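Per TrEMBL, these features apply:
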type     : residues : note
DOMAIN   : 502-551  : domain 'Cationic amino acid transporter C-terminal'
TRANSMEM : 58-79    : transmembrane segment
TRANSMEM : 86-107   : transmembrane segment
TRANSMEM : 113-136  : transmembrane segment
TRANSMEM : 213-233  : transmembrane segment
TRANSMEM : 253-274  : transmembrane segment
TRANSMEM : 286-312  : transmembrane segment
TRANSMEM : 332-355  : transmembrane segment
TRANSMEM : 384-403  : transmembrane segment
TRANSMEM : 409-428  : transmembrane segment
TRANSMEM : 473-492  : transmembrane segment
TRANSMEM : 504-523  : transmembrane segment
TRANSMEM : 529-547  : transmembrane segment
Amino acid sequence: MGAQKTPSPSSSSSSSSWFSHFCSSALRTKPINSPLDTILVSRNSTDALVRRLGLLDLILLGVGASIGAGIFVVTGTVARDAGPGVTLSFILAGLSCVLNALCYAELASRLPAVVGGAYLYTYSAFNELTAFLVFGQLMIDYHIGAASIARSLASYVVTILEMFPVFKDNIPSWIGHGGEEFFGGTLSINLLAPFLLALLTVILCLGVGESSIVNSFMTVLKVIIVIIVIFVGAFEVDVSNWSPFAPHGVKEILTGATVVFFAYVGFDAVANSAEESRRPQRDLPLGIIGSLVICIALYIGVCLVLTGMVPYYLLGEDAPLAEAFTSKGLKYVSILISIGAVAGLTTTLLVGLYVQSRLYLGLGRDGLLPSLFSKVHPTRHTPIHSQVWVGIVAGTLGGLFNVHVLSHILSVGALTGYSVVSACVLALRWKDKTASQFSSRWTSAWREGVLCIVTVACCGFAAGLFYRFSASFIFLVVAVVIAILATAALCCRQTYTNPPGFSCPGVPIVPAVCVFFNMFLFAQLHHEAWVRFVVLSIIMVGIYAFYGQYHAKPEKSHA
């Protein structure tokens with residue numbers, strides 16, 4: 001027998017060196033500079049974006065991102081199960097989003113006023129690798145979501161065109177409605193969706209001022225239409241339709257809240273406009289919370305009108321609001337709803353593309369992506385390379401594939417981002433403290449705090465699973481009790497400082513509640529969404545291991 005081959009000392013040393021470098025790189029964090037210093041530097045930098053957005057622009061940005069065609073569809077589909085109690089579903093979901101918004105508002109006010117949003121907050125509070133993973137989860141949501149919204153927008157545009165006799169039944173499916181399928185549905189050709197994406201990409205490349213004007217106009221238009229719908233519908237309300245208010249019980253209202261929660265997703269887009277805000281420390285918190293409050297009011301108004309006009313069990317599934325007004329002989333309102341849907345989808349798509357490019361810009365600057373993404377046009381002051389890349393990805397997906405079938409794996413990024421941002425509020429408050437109230441022999445105060453947050457998250461996910469599969473009530477109670485004990489440990493065994501600027505109230509209880517409920521919602525997603533989360537995380541770790549750790553800029557970070 002030949003001699004057994006043993007690994008050379010050099011190869012063993014090389015492997016150990018690679019792993020050591022990976023760990024040290026992955027655990028780097030981004031230093032927190034003074035927001036004022038960041039603003040002054042950005043004004044003198046040729047690679048910085050231009051601060052042109054005021055408070056009204058930011059509020060309209062948030063409303064534009066959140067209020068889409070869903071306000072004309074989701075309200076009705078959920079009302080079929082929850083009855084008039086769908087109003088409470090929207091209120092509960094809205095209150096949950098307000099708590100998340102408070103966490104976003106604190107970090108937007110406290111951290112440097114540059115692009116990045118949840119990615120930037122995670123990079124500053126935790127570490128480089130976790131921030132890269134959050135970016136990956138967010139981008140899949142944004143890319144698939146943009147392609148899906150573009151297809152829906154194309155369908156609505158064709159529907160409006162077909163109101164004119166010259167276009168009636170003359171527009172082929174490969175232009176707008178659905179798509180022309182090939183290879184057994186593997187490919188689904190749609191030409192209008194990528195055309196609309198290209199048009200919006202050009203508008204975004206022209207400058208934030210131009211794109212803000214388009215977004216503001218379309219957002220104001222759809223808000224006016226929603227207000228008209230509420231006002232006209234109020235005269236058709238029969239209060240007897242509100243009784244019984246919860247025909248299928250409280251559980252359907254709670255289930256409805258988990259569904260309609262995603263109708264509010266989008267207010268975080270305001271945080272990603274930090275580098276283009278004129279007064280970020282004041283306006284970002286107001287923009288985030290203000291846009292969300294407006295959305296809650298509009299959703300409540302539509303719910304009350306819809307369930308008051310038509311008995312909940314008679315509501316349609318595809319276009320319940322439009323069908324409700326048509327049944328009352330108010331077809332002109334149905335036409336307004338179609339126009340409002342087009343305006344809503346346009347602004348949602350526009351803001352989504354805008355946010356994606358700013359995230360790519362942030363990672364390009366940090367070296368986690370190629371430097372091409374960090375380029376800013378010298379006169380337009382927009383990240384044109386990032387913007388065009390985002391348009392190409394969304395246009396390819398929207399033009400060639402039926403991305404609607406992937407809708408069940410969406411919302412993972414949003415819930416991941418919201419949960420991590422809530423945890424960031426706690427972690428950054430710990431970073432400033434000089435000492436923990438209690439010393440521990442077996443672990444540091446930092447690790448103990450992180451362990452408590454992870455415990456709350458796991459309990460939220462477990463409670464969500466127990467609720468989803470109707471497990472014994474005792475299991476749900478146990479999960480909630482353990483989460484309460486972990487939150488109590490966060491209260492008693494950690495000290496917290498009050499940050500400059502806007503301060504999230506109720507720390508650590510509010511962030512802990514956010515983490516619990518977000519993970520509760522995570523458990524309600526399709527099981528393929530969980531698989532997507534795991535698989536994408538593994539892929540992102542691989543990309544970081546072979547590219548990110550070597551190209552990130554350590555001089556802008558500290559361990």
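Even glycines carry a Cβ here, placed using N, Cα and C.
Bear in mind that the values here come from a model prediction, so they are computed numbers and not experimental data.
Counting same-chain residues at least six beyond the ends of the transmembrane segment (504-523), those with a Cβ under 8 angstroms from any Cβ of the stretch are 96, 99-100, 102-103, 105-106, 258, 261, 411-412, 415-416, 418-419, 422-423, 425-426, 429, 453, 456-465, 467-468, 483, 486-487, 490-491, 494, 496, 530. Taking pairs at least six residues apart, the transmembrane segment (113-136) and the transmembrane segment (473-492) share fewer than three Cβ pairs below 8 Å and do not count as touching. In terms of C-beta pairs under 8 Å, the stretch of 58-79, 86-107, 286-312, 473-492, 529-547 lying closest in packing to the transmembrane segment (332-355) is 58-79. DSSP assignment over the domain 'Cationic amino acid transporter C-terminal' (502-551) gives 39 helix, 0 strand, 11 coil. The transmembrane segment (529-547) and the transmembrane segment (253-274) are not in contact, since fewer than 3 Cβ pairs between them lie under 8 Å (pairs 6 or more apart in sequence).
Note on the transmembrane segment (409-428): residues 32, 100, 103-104, 106-107, 110, 117-118, 121-122, 124-126, 130, 134, 137-142, 144-145, 148, 262, 265, 268, 449-450, 453, 457, 490, 494, 496, 499, 504, 507-508, 511-512, 514-515, 518-519, 521-522, 525-526, 528-529, 532-533 of its chain, located 6 or more positions outside it, place their CB under 8 angstroms from a CB of the stretch. Over the domain 'Cationic amino acid transporter C-terminal' (502-551) the predicted model carries a mean pLDDT of 95.
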